[in-house]
């Protein structure tokens with residue numbers, strides 16, 4: 001008998017295919033504090049029992065494969081396998097279930113979102129036994145989150161760097177997003193910043209195209225920042241998009257931004273990838289740069305209710321990988337975002353400890369053990385009439401970003417910035433005086449417009465603009 005045959009015989013190997021649930025469905029399992037916990041929305045194919053579907057998810061995202069293999073006997077599956085430990089039906093859905101899976105921490109490389117996602121949201125999402133699969137939430141244990149640097153700086157450090165307290169920060173995406181020359185682009189940045197905004201932003205599409213190469217844009221934007229700072233006495237910034245075709249080129253752009261002395265750079269973290277994002281976040285902490293994160297491509301992943309990854313998971317992953325700001329929807333603007341769900345993942349971005357709350361889509365209690373927080377960015381189809389609602393919904397620790405709502409002002413960019421700053425200051429003052437922004441918001445804006453012709457003009461332009469469509473992402 002060969003040594004190989006002896007090994008197979010000694011572990012009782014029996015070739016063939018057996019149900020996943022025999023090994024991976026463990027309803028008696030008590031989860032450990034060190035386990036990564038996942039909540040999957042599972043839609044099995046007709047005839048596939050929920051227990052088998054949930055067990056298949058646990059198996060295919062951890063140690064399992066479609067058939068028994070003799071090398072199972074060379075390791076301890078009980079130590080390394082994922083376990084489907086609970087299954088519950090989804091209210092109002094006949095064939096959907098929430099499958100809870102526990103993964104032992106040894107399955108994952110320390111400090112690597114890339115490795116974590118490769119397992120948990122890898123090949124299993126194409127598994128034929130499932131009609132659809134969506135990752136609704138993850139519980140990241142402190143033992144794992146402590147292996148990540150997280151955001152380069154966090155909310156408090158950013159406020160200290162900018163010397164700005166007690167209100168949301170104001171931003172603006174430069175439009176048109178594509179086609180401007182570098183000098184005209186810099187001019188638009190200057191006008192917005194001198195009008196009262198804290199930040200301006202490269203659109204996520206802006207990298208280094210023939211009409212505007214990145215180095216030229218960086219230089220003219222830096223000039224605009226320094227000129228606006230000198231005139232206003234406030235610290236200003238522009239999100240210089242360092243996203244590039246290679247990690248090496250991305251880092252070269254970040255290094256040049258640091259050499260210019262600007263306060264912040266930007267990255268498209270989903271199209272750029274988690275490995276690139278984590279590398280950039282480490283550089284930003286080491287070199288004093290803030291990092292703004294755009295979520296381009298997120299709706300491809302998170303918008304379908306039955307399949308994909310919920311944005312709360314992508315938000316948690318970003319907090320681990322690293323970013324000081326991230327776009328998070330508006331609730332009231334043109335982009336997707338239901339209020340309670342949005343506030344749920346906003347808290348997951350900002351707060352240190354978040355209790356389980358299914359009414360807001362939070363499946364697990366999350367303890368970040370002092371990992372720095374991320375400022376949520378509200379952006380997309382918002383204007384001055386939205387300011388009371390945005391201030392009330394997002395609170396002080398946020399960035400309110402008006403692109404068309406600044407540059408679309410009939411008098412130009414600087415008056416558009418003035419209108420937004422006046423509206424924000426009026427809302428913050430009214431809130432601090434105890435007024436109800438949700439109920440009195442329009443009146444607060446009208447009162448402020450009496451003393452600000454720029455705000456009055458903005459109110460007139462956008463008085464009828466609404467984006468009233470039902471949210472796709474509901475509980």
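Cβ coordinates are placed from backbone N, Cα and C, and glycine is handled just like the others.
Per Swiss-Prot, N-acetylproline is recorded for 3.
Residues or ranges marked as N6,N6,N6-trimethyllysine in Swiss-Prot (evidence: sequence analysis): 14.
Here Swiss-Prot flags 123, 173, 177, 295, 327, 379 as substrate binding site, drawing on sequence analysis. Residue 327 (substrate binding site) carries a strand DSSP state (E or B). The Cβ of residue 327 (substrate binding site) lies under 8 Å from the Cβ of 293, 294, 295, 376, 377, 379, 380, each on the same chain and at least six residues away in sequence.
In the three-state DSSP classification, residue 175 (active site, proton acceptor) falls within coil. Same-chain residues at least 6 positions away in sequence with a Cβ under 8 Å from that of residue 175 (active site, proton acceptor) are, in sequence order, 203, 403, 404, 407. Under the heading active site, proton acceptor, Swiss-Prot lists 175 (among others), citing sequence analysis as support.
According to Swiss-Prot, the feature N6-carboxylysine maps to 201. Secondary structure at residue 201 (N6-carboxylysine), as computed by DSSP, is strand. The Cβ of residue 201 (N6-carboxylysine) lies under 8 Å from the Cβ of 171, 172, 173, 174, 238, 239, 266, 292, 401, 403, each of which sits 6+ residues away along the same chain.
The number of other Cβ atoms within 10 Å of the Cβ belonging to residue 204 (Mg(2+) binding site), over all protein chains shown, comes to 22. Per Swiss-Prot, the feature Mg(2+) binding site maps to 201, 203, 204; the stated evidence is sequence analysis.
Residue 294 (active site, proton acceptor): 28 other CB atoms within 10 A of its CB, across all protein chains. Here Swiss-Prot flags 294 (among others) as active site, proton acceptor.
Swiss-Prot lists 334 with the feature site 'Transition state stabilizer'.
Other Cβ atoms within 10 Å of the Cβ of residue 295 (substrate binding site), summed over all protein chains shown, number 23. The Cβ of residue 123 (substrate binding site) lies under 8 Å from the Cβ of 60, each on the same chain and at least six residues away in sequence. Put simply, residue 177 (substrate binding site) is 8 Å from residue 204 (Mg(2+) binding site) when counted between their Cα atoms. The sparsest Cβ neighbourhood within 10 Å, among the listed binding-site residues (173, 177, 203, 379), is found at 177. Annotated Mg(2+) site 201, 203, 204; additional same-chain residues within 8 Å of its Cβ mean position, judged by their own Cβ, are 173, 174, 177, 202, 205, 206, 239, 241, 266, 294.
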